[in-house]
Amino acid sequence: DFGRSSELAFVVEPSDDIAVQEQPLILYCQVEGIQPITITWRKNGAMIVDSENAFMLANGSLYLSRFQRLRGDGSSDEGEYDCMAQNHYGLVVSRKAKIQAATMSDFHIHPQNAVVEEGGVARFQCQIHGLPEPVILWHKNSMPVNTDNERYTLLPKGVLQITGLRAEDSGIFHCVATNIANVKFSREARLTVSGSHSTVYKDPMILVGPENLTLTVHQTAVLECIATGNPRPIVSWSRLDGRPIGVEGIQVLGTGNLMISDLTVQHSGIYVCAANKPGTRVRRTAQGSLVVQAPAEFVQHPQSISRPVGTTAIFTCVAQGEPPPQITWLRNGQILETSDHIKLKNNNSTLSIYGINQADEAIYQCLAENSAGSTQASARLTVLWADGLPSPPQGVRAETVSATTIQVSWEKPLQNTKEIIGYVLHIRKAADPVEMEYQEAVSKSTFQQLVTDLEPSTSYSFYIKAYTSRGASKASEVTVVSTLGEVPAMPSLFIKVINSTTVQATWEPSIKLGQHEGFKLYYRKVHLSQYTGPVLLASNITAYNITHLDASVVYEVKLLAYNQHGDGNSTVRFVSLRETVERTAVLNPPCDCMKDEQNNKTSTTGIIIGIHIGVTCIIFCILFLMFGYRGRLLMCKNVQEQLSTPQIPRSQRSATGLVLNGATRRDRDDRDLNRKQLDMNELERLFPASPSQEQQEKGITLAHSLSAPHDETQISTLPLDEFSIIEEQPDPLPKNPHVSSVAAPALDHGPANEG
């Protein structure tokens, strides 16, 4: 009983049919339900009046005594027929039945003469249109072709294939087309089989490939593929999408034609015919598409329901088919018009009726239709109404309290108020559909309700219903009122210091701000009363740089959002640039590199002097290596303010010693046992040339003092500005010179001499 209303429903509906000219035709229609039931018929939407040619039988079927495709007055019995049934519960309409006249045209393709060598393939074809589809048979020499011969293949579309031709296959062929409308014969064609079987190699070739077909489920599809070649090619089939063709209902006709019986939608696809040369990969292909349509059918039928007045009724109707069906709803046989309280959703699969009343009580039909067929299902809506229900509440008023609040008040109904158990306030944005409505329950002794959490500058509609244990009253009159406008909320503000004169104000856009047209930015020195601004910024701006500020004072920055209703509350931030300046000074201290006798020179001069010193050192090294001069030691001294190396009397210096970290000669003597000795041979290897006495007496002293105790280490850099060259008078060297080793600083010595 799915899809049927028990009060009124179809048991048998008219179906599509093909009628024969001048022959009678019956269209069946059977209805069940609560009597009395009236049945009427329509053709192409117009009522059929009983006449001698067309009248209704006692069981409700329509009888056409002499079907006429075309009458003298231009009318025709062809068209779409449906029957309607009605009782006091409502009216239903059957599916549409398409009635066509049986016809047959002339052949538009006739078989052609053919001359084919022995062992080859012959193909004859004839085509003709007709309703129903004509059955085509072949005759050879005026006798039906022997279909038991496996070399002869007859295809449903009027094709005759003959493979492995022999001399006895020669003859005269024609086809005969038959249906309920007529029988027709094609022209004749002669087949001549010439010569003997050739052994010359021929590449595979597809003579005729598959056609594009559009069929309906449960029909049979025949995809033709005939190929020639020497040796005889092997014909195979596949799907272009790679899916398997399957085996159920699949059959090969002749040498390569594919027949698929009992079609389903899953058989739709592109089929590829391949002709392969045996034992090789040489192949030829042809392809054709198969489209399988399925008439509309219901997956879920609408169900009859009963609902109290004022509630919501929902019908669901889900249909499938190929192509996907279109769904149409009828109310008592008429196309249903949508309105504020009647809505269709989910591609018309769901019918919702809001706030139902007695006028909505009817039989509702779901009609699903596509190019392959149509179907219908019906359901009845019963509206429950109890006597003695309250009348609608009176005097509904709504007053705006704020941008988000409205107060609604009303008066109790005029009639049947004793059984009232409460009221329900129905709330909806005026611009929203009815299904967006929501409700708030109110006690029976309360006649006003404060509705909160509304949107600013928005219109709302309100109505009230009084409820009893037996049902609800009718709805009160609807009142519409708008909330007040609202200024934007406070924006989030962040301040970032860019440099000593610039800060960046940033903020985040947020829906919490509400409707806003832009921002206003102010700033000032905190000790002043006057702001700079406002700086007007568009609503899509989220950052602004404030420049030319004074680093020595604190600034106040203020930001607010505004709209047509005014300015919102502001967000205030304070910022000081002084810390940034001080931090920059600590991280980048000034370089005071000259505190000795050259303190009056600029850093640029020091750099130039350092470069000259470096170049001079390089020249000395080159001369030293080239000529083997024994120069005095190069002394580079650190001239920092707290470090100064004193001049050691010449009498206390060793001509061949190196003073390290301010150690005295007496300290070195104490550590003589730890020194490494260099013999004369090593010295001569390093300095092969014999320098002059004057050059041997020149030296360079490097003084670098570590004045900290042994458990602390001070490391200082030595800029180029702090290098100087000290020339000293030559000292006579001993006759057998001895080179002292470099003295390593002892870990337990006392504080070094400052200098």
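Heads up, the Cβ atoms here are built off N, Cα and C, so glycines get one too.
Sequence annotations record features per position, and here TrEMBL assigns compositional bias 'Basic and acidic residues' to 664-679.
TrEMBL lists 8-100 (among others) with the feature domain 'Ig-like'.
Taken from TrEMBL, the feature domain 'Ig-like' applies to 105-192 (among others). Mean pLDDT for the domain 'Ig-like' (105-192) in this predicted model: 93.
Among the features that TrEMBL reports, domain 'Ig-like' is placed at 204-287 (among others).
The feature domain 'Ig-like' is assigned by TrEMBL to 295-382 (among others).
Here TrEMBL flags 392-486 (among others) as domain 'Fibronectin type-III'.
The domain 'Fibronectin type-III' annotation in TrEMBL covers 487-583 (among others).
Positions annotated as region 'Disordered' by TrEMBL: 645-679 (among others).
Sequence annotations record features per position, and here TrEMBL assigns region 'Disordered' to 717-755 (among others).
Taken from TrEMBL, the feature transmembrane segment covers 607-627.
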Stretch in 204-287, 295-382, 392-486, 487-583 most in contact with the domain 'Ig-like' (8-100), if contact is a CB pair under 8 A: 295-382
For the domain 'Ig-like' (295-382), the number of residues DSSP places in helix, strand and coil: 3 helix, 54 strand, 31 coil
Range from 204-287, 392-486, 487-583 with most C-beta pairs under 8 A to the domain 'Ig-like' (295-382): 392-486
Composition by DSSP (helix, strand, coil) of residues within the domain 'Ig-like' (204-287): 3 helix, 44 strand, 37 coil
